[in-house]
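Undergrad: Before I ask anything, let me first share the structure, which is written out below as structure tokens.
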Amino acid sequence: MHLPWQILPLNPLAAFGVILALGVLGSHLATRTFGIPRVTGYLITGLFIGPAGLGVLGPDLIAQSDIFIQLGLGLALFEQGRRIDLAWLVREKALFLTSLLAGALLFGVALASLLAFGIAAAPAALIASLLTASSPALMLDVIDECRAEGQVSERMMAHTGLSNLLALCLFAVSLSWGHLSSAHETGYSIMLPGWLLAGSALLGLAIGFLASRLGGWLGARHPEPQSVLFYAVIALTLGLTSMLTMIPSLAMLVLGLAMRNFGRDAIVGAPGLVKQGNLFYVALFVSVGTHFSAAPFASDGALIVAVVLLRLAVLVATWALAARPNGLPWRKGAWLGAGLLPVPIWSFGLLNLASDALPADAARLGMIALGACCLTELLGPALTRLALARTGEARPLQHERE
């Protein structure tokens, strides 16, 4: 005899409902009981109901629900791009240079660590490129939860956006190296990364330009059409990047950046519209949690821990030393660097593009990326919130005031 829920499989729509309901309830319970950030509660809930936990959501169902995850990730990356103010970065040259320096050091240290553990040069460069970025989705959620405002939180978001752009560029170069090292045709090895970078960026710019004009034509007095247009733009960009084999994360970042900097009169992408997509953020984080597993640590645990610790050390040291040029005390600079620990969610999925270049190493690369994602995303939000609190920018949370 079997109970109904043991023999009736969930469909993607029912799974989406389960993800949202259990995500909100589980996160609220964890936050109220243990005081952890709500995003950590979402991730733990996903781990609990995923294949590594109770198995409420199996691998096939998680794959079928991918559209909801992509929408959540697209919204987060769009919002991250929208927070990159190019005019401000021109004035804050120290911030721009510090972010580039930190990214270069992170890439170099991660590459050296991976080589020391016996990873070949080309695959090591691919993983190292992904470890240069910080997670936009987690940063946005923690900063929003803390209602943080000030120089530290602004620089956190700016660094996160710049680090993602740098990481994607490094990934494309490393992918080209991977194809060349696998003795693939030279033209293909060079043109493919160029297509991924230029094509994704141009697509984001083109859709951003079009959306700006349409948003201006609709006007601020028509919020309902603006809201529909906003989600249409997100879905269209994600769909086209999938159809054209581009990098969705880069296209969404550039789209948000274009809407912020080149569409001054546009309403599409305004903060109020972005906040309407919170349910997709919940689905994103819970779904990411379902992918978490202890398997990567069984084979490469020492490597993953070493890379994460070195990542933290580089971020703290770089921002502490560069604090004064950025107008911050060195302690605030150090906390700023510590708060940037989480590795971006998109890094694990991006390795699918490298499977043709490095077929022999694809499985291990995926496990290392998954392990870094698990460790930094479970520990990182609490560290980010602590950094905001120590720098005086985090306001008391609702459950702390009650």
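Note: Cβ is positioned from N, Cα and C throughout, glycine not excepted.
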Undergrad: Of the ranges 62-79, 278-295, 368-385, which one does TrEMBL list as transmembrane segment?
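TA: Transmembrane segment, as annotated by TrEMBL, spans 62-79.
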Undergrad: Any residues 6+ beyond the ends of the transmembrane segment (39-56) with a Cβ under 8 Å from its own?
TA: 10, 18-19, 22-23, 25-31, 62, 138, 141-142, 145, 282, 285-294, 377-378, 381-382
Undergrad: If I count Cβ-Cβ pairs under 8 A between the transmembrane segment (100-131) and each of 62-79, 162-180, 192-211, 231-258, 334-354, which range comes out on top?
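TA: Highest pair count goes to 162-180.
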Undergrad: What residues in the same chain, six or more past the boundaries of the transmembrane segment (162-180), come closer than 8 Å to it by Cβ-Cβ distance?
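TA: Tertiary neighbours of the transmembrane segment (162-180) are 77, 80, 84, 89, 96, 99-100, 102-103, 107, 121-123, 125-126, 128-134, 136, 186, 188-190, 192-194, 196-197, 247, 249-250, 253, 340, 344, 347, 350, 353-354, 356-358.
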Undergrad: At a C-beta cut-off of under 8 Å, are there same-chain residues at least 6 beyond the transmembrane segment (62-79) that contact it? List them, or none.
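TA: Result: 11-12, 15-16, 19, 50-51, 136-137, 140, 164, 234-235, 237-238, 248-249, 252-253, 255-256, 259, 269, 274, 277, 280-285, 287-288, 290-291, 345-346.
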